[in-house]
Every structure is written in structure tokens, then in C-alpha cells.
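> So Swiss-Prot lists the following for this protein:
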ACT_SITE  Tyr108  active site
BINDING   Asp70, Glu101, His104  Fe cation 1 binding site
BINDING   Glu101, Glu164, Glu198, His201  Fe cation 2 binding site
Amino acid sequence: MEELLIEDSQRFTIFPIQHPECWNWYKKLESLTWTAQEVDMCKDIDDWEAMPKPQREFYKQILAFFVVADEIVIENLLTNFMREIKVKEVLYFYTMQAAQECVHSEAYSIQVKTLIPDEKEQQRIFSGIEKHPIIRKMAQWVQQWMDPVKNSLGERLVGFAAVEGILFQNHFVAIQFLKEQNIMPGLVSYNEFISRDEGMHCSFACFLISNYLNNIPEEKIIHKILKEAVELVDEFISYAFDKARGSVPGFSKEMLFQYIRYFTDNLCFMLQCKSIYKVENPFPQMTKFFLNEVEKTNFFELRPTQYQNCVKDDAFAFKLFLNDDDF
């Protein structure tokens, strides 16, 4: 049996630490803590309305995916990994990750409510699995590889890394290009926070596979999972570009295809197996962001003294009154 699944019936407390490397991962993740209300999207509303309709349609598809994807990740953590894994330090990491995924899900809901005032259109985005066949297909693929009956723990961890890495990465890239256009500062800030978190989640899955598994999946199985994820991303990107009538400022469909293959080869390296695609990074100017090296934002600078949320809905309206005593 895998070490991660063996319960120590004599251990009731986290201290003394028995797995210091896993504990360090947890503490790093803890240091990234933020909340969905810490980003100001007021300027984004004007930028969004000024954006050409095809470009808006592209980003709506991305939001529709993200709203669904984080909920699936939360479900897997709560119903599978956190019930099965017995190493406390790993459970601490996954507990923190689940909390972060809740923040991400709330953040995407705030983005939709802020940018899209029409309630019917909001509902279409919130119902991504029902309204978008490719999102439903991606969700089914994730659930397939997270099934503990059909897949080993190692296969599920590889699938989890593919979700947190491959399925999310092109969407992070597309949003980050808005920063180069000097628009949508709130959306970009959310993107930087979330992509940094997800990079940590993906890396931790790779760490567990390399350092804790007795039965690491064969390379051909790892490649199968990763290639399936890439094919799904290709299909989603094609769908989103069709909605955008084939044109989005900053990048082409082919560039995103190439980038996700470049990223997947890096994931292969993290999983200690051979690369698959052997392609160059089509976006060398954004390497720092892609490698999840975005600096930790100073929240004392980010938070206004009195935060004003721009969502025109009482259920989503927040005001934070912050002063030095809060810290």
C-alpha cells in the first residue's frame, strides 16, 4: 500500500512534524493567502465595455470554464484525496488548497457578476457544463481520471497535475495578455493570484508522485493522460476562437496550441519522464509569468482604505473597512 494511504493510529496532532518537506509545502501555500474581495474591478467595467465584442466573447468562454473547473477540483479534494490520504502534513496542504479553490470559485463568480450585468447571460456562464459541450467534455474527462475505483492513486495525481497545469494554463496566458494592453487591471490581478496558487498545487502533485509513491504510473500512462489533456485544451481554444470570430489581440490560436505543448513538456520534466512535443516557447517575453514567478503582492498596497466592490447586486456587494488594527 502507498505510504500516503497508511494511517498512524497513534498520531493525533500535527506536531512533532514527521514529514518536513510536505509541511514546508503547506507553509508556502499558507503564505499566499488572499480573499476574493481584495481586488478592485471598478476600472474593468469601462475596459470591458470598450472591448470589441468578439474579444469579449472569447473571454466569456474562459470565465465559463473557470467557474466550473474550480468546483470540480474542490469536489475531488473533499470526496477523494482528503478522505483517502492519511499523512497529516499532506492533508494540511490539501485543506489549504481546498480553501484557496473556494476563493478562486468566488473570485470567478465576482468577475462574471461585475462584467456581465445581464442575468440571463450570467446564468449561461454559470451553467457552463450544460450550455457548452466542450466544457462538459472537459469536466467528464476530469471526473474520469479522478475516479478512485478505476484509477490508482498515482494515475489520479498525474490527472490532478494535468488539470491544475494543462487545462488551466492557456486560459491564464490569455488573460495575462490583457496586461500588455494595459486594460482590465482587476481581472489581471485575479489571474496573477490564481495562476500562482494553481502553479503551487500542480507542483505539489508532482512532488508527491516523485517522492511518496511506490507505484508511479508507467511513462506511457503519464503521456496518455497529458496528451488527452492537451487535446481537450486544443478543442476548447478552437471553440473559444470560433466564438471570437477567429481574432483575439496579442496571440493566435496556433500560438496557444504551441504554448500548451511547451508547458506540457515542462510538466513531463517535473514528472521525471521524457518530453512529448519538443517545441519552443512562443511567448518568451512572458516567461516569468509562465514559470509562476509572479511576485507576492503586498496586500497593504493592494487594499484601498475603503474597498468598493463594483458588483451591482446586494448579495455580492462588499465593503472592507481596513486599518492598521486589522493586522
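Glycine is no exception: its Cβ is also placed from the backbone N, Cα and C atoms.
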> Give me the Cα-Cα distance between Glu198 (Fe cation 2 binding site) and His104 (Fe cation 1 binding site), rounded to a whole Å.
10
> List every residue in the same chain as Glu164 (Fe cation 2 binding site), at least 6 positions away in sequence, whose Cβ is under 8 Å from its Cβ.
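In sequence order, Val73, Glu198, His201, Cys202, Ala205 meet the Cβ cut-off.
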> Whole-number answer please: how many Å between the C-alpha atoms of Asp70 (Fe cation 1 binding site) and the residue listed as 'active site'?
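The separation of the Cα atoms works out to 9 Å.
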> List the other residues in this chain whose Cβ sits within 8 Å of the Cβ centroid of the Fe cation 1 site residues Asp70, Glu101, His104, in sequence order.
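Here the nearby residues are Ala69, Glu71, Val73, Ile74, Gln100, Cys102, Val103, Ser105, Ala107, Tyr108, Ile194.
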> Can you tell me how many other Cβ atoms are located within 10 Å of the Cβ belonging to Glu198 (Fe cation 2 binding site)?
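The Cβ of Glu198 (Fe cation 2 binding site) has 25 Cβ neighbours within 10 Å.
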> Within its own chain, what residues at least 6 apart in sequence put their Cβ under 8 Å from the Cβ of His104 (Fe cation 1 binding site), listed in sequence order?
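Set apart from His104 (Fe cation 1 binding site) by at least 6 residues yet with Cβ under 8 Å, we have Phe66, Asp70, Ile194, Asp197, Glu198.
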